[in-house]
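Notes for the one structure printed next.
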Amino acid sequence: MVHPWTGARRREGGSATNAVWSLVVPLKPLAVAKSRLAAAVGASRPGLALAFAQDTVAGALACAAVADVVVVTDDAEAGKELARLGARIVADAPATGLNAALVHGAREIRRIRPGAAVAAMNADLPALRPPELLRVLEAASVFPRAFLADAAGIGTTLLSAAPDVELAPSFGGPSRARHSASGAAEIGIANVESVRRDVDTGADLRAALALGVGRHTARYSARMQATAYTYDSQTRSGSVLLDDGTPVPFGAPAFDAGGLRLLRPGQRVRIETDGEGPALRITLVTLQTF
Ligand SMILES: Nc1nc2c(ncn2[C@@H]2O[C@H](COP(=O)(O)OP(=O)(O)OP(=O)(O)O)[C@@H](O)[C@H]2O)c(=O)[nH]1
Ligand SMILES: C=C(OP(=O)(O)O)C(=O)O
């Protein structure tokens, strides 16, 4: 099968080749981002919003089908941290909202790379796994426009547009129905939970932690759960410092067989590593507190 717009020949049974995407990731100023999460995480909200964006951008840049990531934001601190991961930062047109930001980002991409295939993806996907994003983008690449519904089946986490097709975003609330009504094809593939798992509420955060989050969110969440947290990406080791300052290394026997240890009465944390990819992916499940 010849790829509809790259002309690449799809290897029989293999994946689409040469389908390269530019991603537009919108990010609100951290001071006001993730307001629905405030009830669950309190003052940690801005730090978590940044950690979500960092894991989203890092996961996207590690995906074989992604050529580049453009973050549309007015937040200088967030922009600096995300640029450090390799994203290109575009200033948001002030106070025009999410969809205008996405249109602005897509136009900026195509100003530099005319005819680029563009996909908009929310910045709140902390469990994002590159292989799952690859499958989503491959599925999207056979449609002029396509979208992926969020885990709740109400919103949208990704909207794609083939070269020379306008993105025409309509994010916000029940956007799944709007994107479908606009003619975008719904991507229905299974086993891409990490690309659907956006985090708006404490329950969403627990679900993402159970799925396994990237190191930025894991580190931040662990810091929220314990007095401090050390992590060394070089030696791929780390420890959670308990309230009394006791360092408990990851995977240490100090954790019981199931990797569970009581940090404080009623609070339980599971830390385990699946060693996936270049970064230590820490599955940190906090059963309470959020
Ligand atoms: N650049 C930009 N990004 C936005 C804007 N509004 C929302 N976003 C981003 O769009 C994505 C999806 O939005 P939401 O899930 O509603 O995120 P949020 O607005 O921080 O969350 P709430 O405050 O709880 O509504 C997130 O990555 C937001 O940061 C905007 O006006 N400009
Ligand atoms: C912007 C969106 O996310 P949410 O409404 O869940 O914040 C959306 O799903 O279109």
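Cβ coordinates come from backbone N, Cα and C, glycine included.
The secondary structure of Gly172 (phosphoenolpyruvate binding site), as reduced to three states from DSSP, is coil rather than helix or strand. According to TrEMBL, the feature phosphoenolpyruvate binding site maps to Thr156, Gly172, Ser175.
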Study note, to complete from the structure: A correct count of other C-beta atoms within 10 Å of the C-beta of Ser175 (phosphoenolpyruvate binding site) gives 22
Check your understanding: So which other residues, same chain and not among Thr156, Gly172, Ser175, have a Cβ within 8 Å of the centroid of the Cβ atoms at the phosphoenolpyruvate site?
Key -> Gly155, Pro169, Ser170, Phe171, Gly173, Pro174, Arg176, Arg178, His179
Check your understanding: Given the phosphoenolpyruvate binding site residues Thr156, Gly172, Ser175 in the record, what is the largest Cα to Cα distance, rounded to whole Å?
Key -> 8
Exercise for review: Note down the number of other Cβ atoms within 10 Å of the Cβ of Thr156 (phosphoenolpyruvate binding site), including every protein chain shown.
Suggested key: 28
